[in-house]
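Step one of this worksheet: look at the structure below.
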Amino acid sequence: KEGYIVNSYTGCKYECFKLGDNDYCLRECRQQYGKGAGGYCYAFGCWCTHLYEQAVVWPLKNKTCN
């Protein structure tokens, strides 16, 4: 599974500005989803890879980013 890492309180994606390989995104994806996860910056959001199927990713139901 893949997807944008999301703040469960706000419903917002984690923003990034250095597109492609991005240490911040990799660190955040691994912290939230485990050491096996990958991450990079895609379309100014942190995109996580190698997630377990039940992983929660953006968008969240009933939560809009404000």
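Including glycine, each Cβ sits where the backbone N, Cα and C put it.
These figures come from a predicted structure and were not determined experimentally.
For CYS12, the partner cysteine in a disulfide bond according to Swiss-Prot, taken from CYS48, CYS65, is CYS65. Looking up CYS29 in Swiss-Prot gives a disulphide bond whose other cysteine, out of CYS16, CYS48, is CYS48. When the disulfide-bonded residues CYS12, CYS29, CYS41, CYS46, CYS48 are screened for a Cα within 10 A of the Cα of ASN66 (asparagine amide), the ones that qualify are CYS12. Ranking the disulfide-bonded residues CYS25, CYS29, CYS65 by how many other Cβ atoms lie within 10 angstroms of each Cβ puts CYS65 at the bottom. Of the listed disulfide-bonded residues, namely CYS12, CYS16, CYS41, CYS46, the sparsest Cβ surroundings within 10 Å are found at CYS12.
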